Amino acid sequence: MPGFREAGLLGAAFAATGGVAYVFWRYLSSREHEEKVKAGTVGEQPLFTEVRSASKQVLVLGLDGAGKTSVLHCLATGTVKNSASPTEGFNAVCINKEDTQIEFIEIGGSESLRTYWNMYLSKAQVLVYVVDAADPDRFPLAKKHLHELIREDSYLPLVVLGNKQDLQGACSIMELHDALSLDEVGDERKLYIIGTHVRKSDSEVPSSVQDARELITQLVTERK
């Protein structure tokens, strides 16, 4: 990737290309939360129920099997969910961060549900796109849907989660960046990539997911 520069700092690698800022977060980060989740709810709801809330919304999308629901459970409850069924409609997860309430809206990633993704995009403060980093055969499809989404709003912040980094053969953040052609997302957009993983055997929420929550919270509070 021409013009790419990498420098290590606190377990994260920072780089800049053109007008787009990239932050590559590694799950080796050991930074702790300054405060725990004050409150959280997780509940699957019918797809066609309109979400009406005064909270700021974060839209969480990705192909089926990417691990979206497991990540959301960690964000909301601070615990690892032993099992998670495929989302048939959407999941709503609310957390309170200081004086801001953030509502995560996850829509199922099956083929029949992807057509509804755009319906929820207009109210989103941040788009979180989860990709199974251990399934490169689906990268082209994930790329296709991602670029269709980001065409709707050239300023909407984008956080890409390269999930399942703990699995053998999982692609690195750099490889995922290239596979999804993230250099084409536009110079006006804030773009972040985080390598995440959530194992059923984990007793604590991985630091990568903690980092993701802190980053997303910061992006939401910055948006007016």
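Cβ atoms here come from the backbone N, Cα and C positions, even for glycine.
Residues or ranges marked as GTP binding site in TrEMBL: Gly62, Leu63, Asp64, Gly65, Ala66, Gly67, Lys68, Thr69, Gly109, Asn163, Lys164, Gln165, Asp166.
What TrEMBL lists as Mg(2+) binding site is Thr69, Thr87.
Cα spacing between Lys164 (GTP binding site) and Thr69 (Mg(2+) binding site): 13 Å, rounded to the nearest whole number. The least crowded of the binding-site residues Lys68, Lys164, judged by other CB atoms within 10 A of its own CB, is Lys164. Here the CA atom of Thr69 (Mg(2+) binding site) lies 17 Å from the CA atom of Asp166 (GTP binding site).
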